[in-house]
Amino acid sequence: MTSAPVQTDILALAREQVLERGDALNESQVLEVLQLPDDRLEELLALAHDVRMKWCGPEVEVEGIISLKTGGCPEDCHFCSQSGLFQSPVRAAWLDIPSLVEAAKQTAKSGASEFCIVAAVRGPDERLLAQVAAGIEAIRNEVDIQIACSLGMLTQEQVDQLAAMGVHRYNHNLETSKSHFPNVVTTHTWDERWNTLRMVREAGMEVCCGGILGMGESLEQRAEFAANLAELEPDEVPLNFLNPRPGTPFGDLEVLPASEALKSVAAFRLALPRTILRFAGGREITLGDLGAKQGILGGINAVIVGNYLTTLGRPAEQDLDLLVDLQMPIKALNDTL
């Protein structure tokens, strides 16, 4: 009678595969991590931190974001209060160039190396691109900081224009796994987003692509999303946690439990051992102050400081003080050039 094969513990396997060899966990392995009981969370976070330190180093990249054009978006992303299709309190508004420059100055003062200009649109029109170009030129004249953009889906011509403006990194989130995406957005497809990201990479800009956890996806779909991102190989992955917005289709969803959110952070680190993994929106309501520390000691190596697009973040000083306490240096601007 043959005995059943001995099952290798997923964290022991991850230690040998990811920490020692630098080989990412695959989709089924990520699912095993996500299914771990809460009593193994501390062990999981410690492993994810070790992986981050070995393959990324101790530095933390700091970024600020600003909304150039807020609200009035024609798309129906179910999590977003900036959609013009929902009964949310956000109304369309434009930011003027002097305010944009001042925001960039304040971001740079925090020690940030990256400043991202965001617009709530399906994709940019000529007016928006002209405003972005003027904003980038004005910022460059007064502030020493890398500039990123997040302007929705792009044509090849628009990609080339942004590259010519000197945009360092372009953010366009896939938001969730390919199989779950139709439950989140119906006015465009996951493949349309993927195509924009492909063109951005081919134009020589860095690719920033992540999403939001806690939008009703199953653990299987969360593991699928990690695998989708691993296939894309982005330079940066921002991890958001759903902060349900009043008036949106997802306004009544439950906030992700903190233990599940932290488990997800660690799992994504094990799926993306060399990628910039950024704490983004929703971490305050999902994790609180203690969770910020646990996340940075559990695989995270980048943060957005200050407020987000339509929700409040932690004061920049709190995050920066935390990095000092943890003896984690802020990534300097000259390290990103």
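Every residue gets a Cβ built from N, Cα and C, even glycine.
The structure displayed is predicted, hence computed values, not measured ones.
The [4Fe-4S] cluster binding site annotation in Swiss-Prot covers C73, C77, C80, and the record cites sequence analysis as its basis. Within 10 Å of the C-beta of C80 ([4Fe-4S] cluster binding site) we count 25 further C-beta atoms, all protein chains included. Taken residue by residue with DSSP, C80 ([4Fe-4S] cluster binding site) is part of neither helix nor strand, so it is coil.
Positions annotated as [2Fe-2S] cluster binding site by Swiss-Prot, on the basis of sequence analysis: C116, C149, C208, R278. For C149 ([2Fe-2S] cluster binding site), the count of additional Cβ atoms within 10 Å of its Cβ stands at 28 [all protein chains shown].
Averaged across the domain 'Radical SAM core' (58-283), pLDDT for the predicted model comes to 94. Here Swiss-Prot flags 58-283 as domain 'Radical SAM core'.
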Subject >> Between C77 ([4Fe-4S] cluster binding site) and C208 ([2Fe-2S] cluster binding site): CA-CA distance (Å) >> reply: 19
Subject >> Other residues, Cβ within 8 Å of C116, C149, C208, R278 Cβ centroid ([2Fe-2S] cluster site) >> reply: E63, I65, E114, A148, S150, R169, Y170, N171, E236, P238
**OP:** For the recorded [4Fe-4S] cluster site, whose residues are C73, C77, C80, find every other residue on that chain with a C-beta no more than 8 angstroms from the centre of their C-beta atoms, and list them by sequence position.
**Re:** E75, D76, F79, S81, Q82, S83, A120
Original post:
Which number gives the other C-beta atoms within 10 angstroms of the C-beta of C116 ([2Fe-2S] cluster binding site), all protein chains shown included?
Top reply: 24
**OP:** Ten-angstrom check, please: count other Cβ atoms within 10 Å of the Cβ of C77 ([4Fe-4S] cluster binding site), all chains counted.
**Re:** 24
Original post:
Expressed to the nearest Å, what is the distance separating C149 ([2Fe-2S] cluster binding site) and C73 ([4Fe-4S] cluster binding site) at their Cα atoms?
Top reply: 17
